[in-house]
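A.B. asks: Structure below; questions to follow.
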Amino acid sequence: MHQSPFVPAGDWRGQPFGPAQPQPPQYLLPWLAYTGSLTAALKHLSGGDFSVQVLGQSWQLPRPEECHALHLKRRSRALVREVLLLGCGQPWVYARSVLPLRSLQGKSRNLRSLDNRPLGELLFSEPGIRRGEIELNQLRRNTDLQLKGLCDKDNCAWGRRSTFWLRDKPLLVAEAFLSHFRPEGPPIVSNNQ
Ligand SMILES: C=C(O[C@@H]1C=C(C(=O)O)C=C[C@H]1O)C(=O)O
């Protein structure tokens with residue numbers, strides 16, 4: 001049984017976080033709020049030394065909070081894709097995408113067989129793609145798994161999630177920025193990406 005390396009530590013919340021909430025580190029704020037393609041920004045930051053490592057991609061029952069976000073009935077199955085995005089050979093981002101069957105029909109069927117092509121390259125090439133609100137959360141590492149170099153001492157990573165609408169069908173994408181990810185500035189995208 002595939003175990004997910006991360007689970008949400010709290011509730012997903014829109015921005016800005018209230019003063020009583022734990023605050024993300026300053027250097028991550030522009031990356032957590034970034035509405036463009038994270039893939040394109042990571043490719044620029046890594047000087048092109050970027051790759052996707054697929055941890056798992058299978059038809060599953062999404063988590064209750066994912067079903068709620070996708071307005072899915074509780075017993076609906078979805079294609080759950082979990083990846084690590086690596087920059088300069090280091091794991092920079094963990095991503096979990098939940099793709100309902102009804103969103104993977106017709107022209108969107110190609111999303112079923114992405115392999116190690118980045119989901120973002122396909123989504124952001126679609127002229128009609130829309131992105132909903134970005135919500136933030138801390139994701140807690142599943143300590144049953146021996147995934148090294150992913151979190152700081154508190155076993156948590158700051159993450160975000162948003163729903164993409166492709167041909168009016170929802171896709172839920174969550175990303176967590178890992179301990180190796182230490183950008184010196186905000187996301188920048190090269191002109192040719
Ligand atoms: C949505 C994007 O796609 C990225 C690539 C993913 C993948 O290949 O599974 C998942 C989430 C994103 O980090 C993006 O680039 O913004």
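Every residue, even glycine, has its Cβ placed from backbone N, Cα and C.
Automatic, uncurated: that is what TrEMBL annotation is.
Keep in mind that what you see is a predicted model, and the values were worked out from it rather than measured.
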A.B. asks: For the substrate site that TrEMBL describes with Leu119, Glu175, which of these is also annotated: Arg81, Arg102, Arg140, Arg141?
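C.D. replies: TrEMBL names Arg81 for this substrate site.
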A.B. asks: Including all protein chains shown, what's the count of other C-beta atoms within 10 A of the C-beta of Leu119 (substrate binding site)?
C.D. replies: 21
A.B. asks: What same-chain residues, at least 6 away in sequence, bring their CB to under 8 Å of the CB of Arg81 (substrate binding site)?
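C.D. replies: Expected: Val54, Gly56, Gln57, Ala95, Arg96, Ser97, Leu99, Leu114, Leu119.
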A.B. asks: Check each residue in the chain of Glu175 (substrate binding site) that is at least six apart in sequence and keep those whose C-beta is under 8 Å from its C-beta; list them in sequence order.
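C.D. replies: Those within reach of Glu175 (substrate binding site), by Cβ under 8 Å and sequence separation of 6 or more, are Leu38, Val93, Tyr94, Ala95, Gly159, Arg160, Arg161.
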